[in-house]
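Participant: Here's a structure for you.
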């Protein structure tokens, strides 16, 4: 089977089989990244555009590298250097890019749903690289890949997502993906950062970190979005670090072989202590490596001829 | 309409002969490695490896090559083909590689396989072994070792059915509408 869609917008709308196909395809691409010549001619002649309306190093570089390893031509456009600063609309910008024969557009935007507008209007495939607090599907998929690779499977694992779930698009993508693949998902964080009614998604909510972590197989830490902290979600960062920061003592409550994950960038000493972030349980850098393979898989699977 | 071209005994004999030819031409198994093109070629390369070991008493390294990423028709397909893994657990440099496939048809698969190999290293030489050469080449490629030359029409389909894929060993020629293509029945 192939992907049943022209675009990758959200894990929420993907079927389990599609997710499994992407993860399986990523495994083959990981092999390409270990070669001496890390390049295959698969997307020769295709044009991939990174259209980033929010700052990003990791995701943009990861998509750029993925496209280049598949021999596509890559163009990076960021807001500050584009005509958006002159008042051009998102759709007009994208239509102009498409008029230059783009094949795949990767969009990051601060507004939830922005990629849907492009996907409907354009012939090019659109990949959501993070939209507001909605979803970040490629990050979700690379998290699933990393867990599957390290644990051999996802079904039945206890996965705890810690922190600012309210603002986190990564958390939403992770929850949807993990649930579809059969994990038991727990959330932990301050009550101000856990969305009301999220239990309806089939997750368990905890306000005490120790309670959530007990017996966990995977702990996914979310980045505390310091830029949003002026809005009164937290009394102080120090208090957050004390109540929800992951340290060695807390890791010891989890199952043996627990994985500690973080989508980055890390606020060291806030979400996680340096000894845990750099410790044996941490797979944070492996997530970055796997991100390239997963994004290669997405570009490959979307590159068939469009009818 | 279906016609059996080779049965299990004939496949056995063809592979035995190819194994002898490989050893004769290369003066033994030194520097040799077998690489099967997924999927049928992998099974055949394993059988050839076993035979070479029986004859020479030496183990020849065997690898598996998936050529999907090197295909020249990806842009024209409605959906991308399912990717399998390439696994070559030895250094290609300065080795004589015997590329193994079940059916040689247009030659495009072999071109893709050679491109793939070149990205993985610099073999001293690449030779090609196929069980069936059905003609209709679109590229200037020919096999060094052929189990059977089988003149076919383009609308016929050659199916290589092997025990490793849960079939009884046989090679079948099918004719009729929709039978176009190479097809190896795995």
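Every residue number used here counts from 1 along the chain in the order it is shown.
Positions of Cβ are set from backbone N, Cα and C atoms, glycine also.
Sequence annotations record features per position, and here TrEMBL assigns carbamoyl phosphate binding site to A:58, A:59, A:108, A:136, A:139, A:264, A:265. Marked as L-aspartate binding site by TrEMBL: A:86, A:169, A:223. The domain 'Aspartate/ornithine carbamoyltransferase carbamoyl-P binding' annotation in TrEMBL covers A:6-149. If you look up TrEMBL, you'll see A:155-302 marked as domain 'Aspartate/ornithine carbamoyltransferase Asp/Orn-binding'.
Would you situate these features in the structure and describe their surroundings?
Facilitator: Counting every protein chain shown, the Cβ of residue A:265 (carbamoyl phosphate binding site) has 10 other Cβ atoms within 10 Å. In the three-state DSSP assignment, the secondary structure recorded for residue A:265 (carbamoyl phosphate binding site) is coil.
Counting only residues at least six positions away in the same chain, no Cβ atom sits under 8 Å from the Cβ of residue A:86 (L-aspartate binding site).
With DSSP classes pooled into helix, strand and coil, the tally for the domain 'Aspartate/ornithine carbamoyltransferase carbamoyl-P binding' (A:6-149) is 71 helix, 27 strand, 46 coil.
The DSSP breakdown of the domain 'Aspartate/ornithine carbamoyltransferase Asp/Orn-binding' (A:155-302), given as helix, strand and coil counts, is 64 helix, 24 strand, 60 coil.
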Participant: Which has the fewest other CB atoms in a 10 Å radius around its CB: A:59, A:139, the listed binding-site residues?
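Facilitator: Result for the binding-site residues A:59, A:139: minimum number of other Cβ atoms within 10 Å at A:59.
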Participant: What count of other C-beta atoms do you get within 10 angstroms of the C-beta of residue A:58 (carbamoyl phosphate binding site), across all chains shown?
Facilitator: 14
Participant: Look at each of the binding-site residues, A:108, A:136, A:169, A:223, and point out the one with the fewest other Cβ atoms around it within 10 Å.
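Facilitator: With the binding-site residues A:108, A:136, A:169, A:223, fewest surrounding Cβ atoms within 10 Å: A:223.
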Participant: In whole Å, how far is residue A:223 (L-aspartate binding site) from residue A:108 (carbamoyl phosphate binding site) when you measure between their Cα atoms?
Facilitator: 17
Participant: Tell me, roughly as an integer, the mean pLDDT over the domain 'Aspartate/ornithine carbamoyltransferase carbamoyl-P binding' (A:6-149).
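Facilitator: Averaged over the domain 'Aspartate/ornithine carbamoyltransferase carbamoyl-P binding' (A:6-149), the predicted model reaches a pLDDT of 93.
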Participant: Rounded to a whole angstrom, what is the C-alpha distance between residue A:264 (carbamoyl phosphate binding site) and residue A:169 (L-aspartate binding site)?
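Facilitator: Between the Cα atoms of residue A:264 (carbamoyl phosphate binding site) and residue A:169 (L-aspartate binding site), the distance comes to 13 Å.
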